[in-house]
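Engineer: TrEMBL feature annotations, pasted as is:
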REGION    1-27  region 'Disordered'
COMPBIAS  69-171  compositional bias 'Low complexity'
REGION    69-183  region 'Disordered'
DOMAIN    185-218  domain 'EGF-like'
DISULFID  Cys189-Cys199  disulfide bond
Amino acid sequence: MVQQFSHEQFGQSNSAPSGIADSTISTKQLTTRQISVDVNSIRNVANRRPGHQQQQQQRRLLHQRRRQLPLQRQQQQLPPQHRQLAPPQQRQLAPQQQQLAPQQQLPQRQVPQRQLQQQQPQPQQQVPQRQVPQRQLQQQQPQQQQQLPQRQVPQRQPPRQQKQQRRQQQQQRRRQPHQQQQQPHVFICSPACMNGGNCTATNACTCNTAMWGGPICQTPNRIFWSFDNTLQDLYNNFNGVGNNGPTYSSPGYNGAGACILLTQSSSQSVTIASPFLNFAGTSFTLEVWIYANTLYNSNPYTDNAVFGQFDQNVLDKSLHIIIRNQRIYLGFFSDDVVGTQLLSAGQWYHMAYIYDYSVRTQYVYVNGYLDASRTSAGPYQGTTGSLTIGTNGVNTPNNFFDGYLDSIAYFGSARNASQVLDDATLVSDLTFDGNSLVDRGPLLINGTGTSYSYTTSGRVNGAVTLSVNPSYVQITGLRRLGLNAWPYSVAIWIKPTSVAGGTIMHLSSLTNGAQPNGWCLPIMGLTSAGRIAINSWNGGNMPVTGSSVPLNTWTHVVGTYSSINGLRLYVNGVLSGSSGAYSFAAGGVPMTITLGSSLLGLGVCNTGTIQMGQFYGSLDEFRVYARELTVAEVVGLANP
């Protein structure tokens, strides 16, 4: 509907405005023209009101700013390389706006853009259009105005990279004070470095060639003096020199080699001058077999020195491993532990002297069992001094050992109770691994034999196979098995290919396994019915017979003896029979064990229920102990 406005309503005359055509114009044209005239009339009337033009100017400027805000926001959301900023001061006002110069105009907001281009204003009034942001927005630069210098907008990183960079800077700031206060890392070497070596990594020493020309600059994990007619260390590192003519005696404790004989009246001893062995501030173990000809009890100032290292006679600077007042004694000088067991001359003892640096405790063991300990001790602090065997720097000259020493072993760590017990009582350990009869036990009693072969199909790795007659493996020098009533244990895996009798272990005083003038007894074998049996002696046979043994199957067999429990037989970790208490009547000399044959003892030695003869099959993991194994230990051996 077209609304008509009368001129009287606006205070104007009825005459038509200039530019209006005559009445010949069509109705549609009159209506449109009439509307245009009426609207312009309304605007003219409104423009004549006081202050109206100034209000209109302010409204236009405000409207222009509002139109620019969305464009600015969109430009800010774009990546920096795509932003185009158009400062409004470079936009030309419409001709109608330029005619308002007498009126005060509000300052326009300055918005920078990278590329400023505007079109040349046209003669007619044009309303500025809203600019939609694009990746590459370009505007025409006005030709009549001087181009303004462009503002250099700094390159901004994406928000994720900015966050990562801030995080790295924060971490670096936190790390800098710590790095300034951080001390050089101190490595710990156990065993300790020696001969000027430096601990450059955990348990690794670097030699100082300016101080020491040899290859050794770290305390070894083990040193072993066997005294088998030599003073050399088994590993050829700490070789000794005799003083005043010490001699050797055969057999030694293990019966297979020799031992060193030191005479107190001649002040005989051994010195290892170099390389220096560092005991200071570290754990260590020293084990030795001793046989003293004389021991002193009445004179506390006369010692039987076993081992030592002398720095000076001040607190914790003189290491002395001795027997004092017939008791085992470990001292650092005025910082010592004394045993309780009274020792006797004329018999072998296994002695262990241990210091555990981690708990500052000294321990002394006799024959594998703890005799005494002392906490809050040490550490030893001596930094100079040669090693000495048979004497030390304390109580000189009344400290020389009188008797036999054998198999001195040094360990660069504190041995535990189980290890010490094995060191004192494990007589032999033949695993048959690697096609070898090497003894893995502490006494290093290697085996010998004839007509045997190796197989890789053992119960644990390798094994030996006995398939001809005679074929056997033999170890000798078993001193404890020659002592009356001394406890012992034997253990082995067997895989028979025949069960018509056969000797598994033969004990004899001679290596030929027979009399005359010898002592012999089969201590493990098969009966004629194929049952496993063990045997002992107390003026007569003390047999114990167990169950039948399957062919071509690995079976674990253990025989143990003590004067309290007598002889016991275990098959696959289970007790199969026992004899009751009795006293073993031994041969009185170091003994020999032959595996797989009785040799010349066949038909000569007492036999019990064992059918002596050649054993056919395979053997593995052979062990001999100079003690009675516990049930738990037997079960452990049966389940490797």
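Placed from the backbone N, Cα and C atoms, the Cβ positions cover glycine too.
What's the neighbourhood like for these features in this structure?
Structural biologist: For Cys189 (disulfide bond), the number of other Cβ atoms no farther than 10 Å from its own Cβ, over all displayed protein chains, is 22.
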Engineer: Applying a 10 Å Cβ distance cut-off over all chains shown, what neighbour count does Cys199 (disulfide bond) have?
Structural biologist: 18
Engineer: Tell me, by DSSP, whether Cys199 (disulfide bond) is helix, strand or coil?
Structural biologist: strand
